[in-house]
């Protein structure tokens, strides 16, 4: 019985010692992130679609901050994201690159023609935001609330049954961009 307690104490002390060493090393050798990259990354839509030419939103944010990359290459974010980045960096806004040249681009979502879907799951694997649901050899469908319209699911489909359809804004589907609404603190008087 005595040897069990010795073993438990020895392992506990080893765990405590290694934890202290790891804690010290993580603080001593910590790499500080660029705060500008962090802010740009927060503004980007995090769809990781690659339409900007980078493998995800974080590498694009690093390229904007460190390499002077154009701020107008995020198609899913559109003009709103470009304007926020230009305001953050205090640079001139630029027209949106690529196919998103319109002033107010229409929101599009992927639509699957379920009669032609063979259930291969290639679209599910390609979707960066997990907006497509279905199982192998079963019908797939797109959850339109989650779809960013990034177009990454269209090309892998072997039966070409996926298309992008514009979504009309209705009072039910339209979402406020709360970050563009100015907020003021109004003093309130309390009367007894």
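The backbone N, Cα and C atoms fix where each Cβ goes, and this holds for glycine too.
Non-local contacts of residue 74 ([4Fe-4S] cluster 1 binding site) by the CB criterion (under 8 A, 6+ apart in sequence, same chain) comprise 44, 45, 51, 52, 57, 60, 81, 82. A coil conformation is recorded for residue 74 ([4Fe-4S] cluster 1 binding site) in the three-state DSSP classification, outside any helix or strand. Annotation comment: Swiss-Prot describes 49, 52, 57, 74 as [4Fe-4S] cluster 1 binding site, evidence class sequence analysis.
According to Swiss-Prot, the [4Fe-4S] cluster 2 binding site annotation covers 117, 120, 123, 157. Residue environment of residue 123 ([4Fe-4S] cluster 2 binding site) contains 24 other Cβ atoms, counted within 10 Å of its Cβ in all protein chains.
Here residue 150 ([4Fe-4S] cluster 3 binding site) comes close to 47, 49, 51, 75, 76, 128, 129: these same-chain residues lie at least six apart in sequence, with C-beta atoms under 8 angstroms from its C-beta. Reduced to three states, the DSSP call for residue 150 ([4Fe-4S] cluster 3 binding site) is coil. Annotation comment: Swiss-Prot describes 127, 147, 150, 153 as [4Fe-4S] cluster 3 binding site.
Here Swiss-Prot flags 32-91 as domain '4Fe-4S'.
Taken from Swiss-Prot, the feature domain '4Fe-4S ferredoxin-type 1' covers 108-137, and the record attributes it to sequence analysis. For the domain '4Fe-4S ferredoxin-type 1' (108-137), DSSP puts the residue distribution at 5 helix, 7 strand, 18 coil.
Residues 45, 47, 49-51, 75-76, 106-132, 173 of the same chain, all 6+ positions outside the domain '4Fe-4S ferredoxin-type 2' (138-167), place their C-beta atoms under 8 angstroms from a C-beta of that stretch. Taken from Swiss-Prot, the feature domain '4Fe-4S ferredoxin-type 2' applies to 138-167.
As annotated by Swiss-Prot, region 'Hydrophobic' applies to 1-26, with the evidence given as sequence analysis. Mapped onto DSSP helix, strand and coil, the region 'Hydrophobic' (1-26) counts 25 helix, 0 strand, 1 coil.
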(Q) I need the nearest neighbour of residue 117 ([4Fe-4S] cluster 2 binding site) among the binding-site residues 127, 147, 153, using C-alpha distances. (A) 153
Q | Which same-chain residues, if any, lie at least 6 apart from residue 153 ([4Fe-4S] cluster 3 binding site) yet have Cβ under 8 Å of it | A | 110, 123, 126, 127, 132, 162
Q) Looking only at residues six or more beyond either end of the region 'Hydrophobic' (1-26), which have a C-beta under 8 A from one in the stretch? A) none
Q. Short question: which residues 6 or more past the ends of the domain '4Fe-4S ferredoxin-type 1' (108-137) have a Cβ under 8 Å from it?
A. 47-49, 143-144, 146-167
